[in-house]
Amino acid sequence: MASSRVPIIVFLFSLLTPLYIGGLSCVAAHTTKDSSSQSKEFVLTLDQSNFTGTISSHDFLVVDFYAPWCGHCKKLDPEFEKAASILSSNSPMIALAKVDANDEKNKDLASEYDIKGFPTLKIIRDGGKTIQDYKGPRDAEGIVSYLKKQAGPASVEITSTEEGNALVDGDKIVIVGVFPEFAREKFTVFLTLAESLRSDYEFAHTLDAKLLPRGDSSVSGPIVRLFKPFDELVVDFENFNLDALEKFIEEATIPTVTVFNHDPKNHPFVIKFFNTPNAKAMLFVNFSSKPFGAFESKYQDIANEHKGKGICFLIGDVEASQGAFQFFGIKEDHVPVMVINDDKEKYVKPNVEPHHLESWLKEYKDGKVTPYVKSEPVPEVNNQPVKVVVADNFNDIVFKSGKNVLLEFYAPWCGHCKKLAPILDKIAASFANDADVIIAKIDATANDIVHEGFDVKGYPTLYFKSASGKLLQYSGKRSKDKITSFIKKNKEKTSQQSSIKEEL
């Protein structure tokens, strides 16, 4: 089954933080400022013509790559402008800029900076020598606080217990290096680590472990001490190989069981959970229900047993998980429900009981569970010019029909898809009397892509399947004439005489 990592991250971002990167969320046209307004704009407006010159003249620049039709971009705009106004008086000044990545003239910039959703924010340092993803808040106050830390040193020195207690507050991950002196190779490695991971974690260093609120205070180092608000609260690590340090941090910063609810303190760990390459086991249950305690206890035991064995675990409250339900195609009457998602497939166990969890997980590991396919209902009537494809009739229409099929993978909220819709209607009408050709569409957000060969990374994506089964992706101009010419050039005579158009 073809799969894409982009949509799962999109649903999470838009679900967890309304001002986060909800890149594939579309609404009406972008709000523009009144041209008569005399208020100063602090966010720099960049495009292909001035981008390189601007970044080369700044040691630290934050760029918002946006699309005018994106709802989350519109929500971010006033917060970003307010933050830019505040940071303009910072010493040193922290500059904020924006690029309309949807504009044709800026497409090369969007490609160069790997922009796959909107808004995407990038931190650009040293005139463009270092580029990092922005992973901070989306409100003005949070942006200002996060960027002040990002513009400062990657690791700060702790010289008092007050500083140690203020930094290690119990709500976030903090990584502290303890050293007998700040002059040797291991300290240099630690600073390199801090620089590379500074957008993800807070780093500090100290000469005295007694200044830290938790952990063995007698150590003199060098060690790396990781503080976290879950599982074991303090973990020490003594291997200063850079790769080993990065692996240690990656593994130590994922909770044994990630909690998915409305508490914003948990949201960074939820995002981290979905970013891990491991298989993901998810249990969705009503946290306020009587059976929750039994589920939580049993699930924690199972997660402990599987720690380090390639499966990560999450428990989600039904009230906070509606986006997950939509993404995975599960319904509320499935609750309590367990879902396992790996690189290629997903598996669903509805109406699960606490004593089912371990045995069903074993069945999954033994390859005895059938993959779950998300599908909208097959249309009872499918007689419109553009045929409706869902996961459950995908093979019948696209492959078993023996026809030449132009198939659009779309998302209901996508502005480009909405513009393409009337064009496809006209194309379908022009082929209405051609029994060899089908024009079709599938909502790729509501149906799994059940056939290998379709690489859908954005919307709309157009594929042409010839009568003999050849697959071609259409990447030309989305106009009636161009698409029609493409179909005529690549279509083949069908071997079947019956018309699926009549059957549909």
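Cβ from N, Cα, C; glycine included.
The signal peptide annotation in TrEMBL covers 1-23.
According to TrEMBL, the domain 'Thioredoxin' annotation covers 19-152 (among others).
Every protein chain shown contributes to the tally, and the Cβ of C73 (disulfide bond) ends up with 29 other Cβ atoms within 10 Å. Sequence annotations record features per position, and here TrEMBL assigns disulfide bond to C70-C73 (among others).
If you look up TrEMBL, you'll see 364-492 (among others) marked as domain 'Thioredoxin'. Averaged over the domain 'Thioredoxin' (364-492), the predicted model has a pLDDT of 93.
Annotated disulfide bond per TrEMBL: C414-C417 (among others), in sequence order.
All protein chains considered, the CB of C414 (disulfide bond) has 19 other CB atoms within 10 Å.
With DSSP states grouped into helix (H, G, I), strand (E, B) and coil, the domain 'Thioredoxin' (364-492) comes out at 38 helix, 25 strand, 66 coil.
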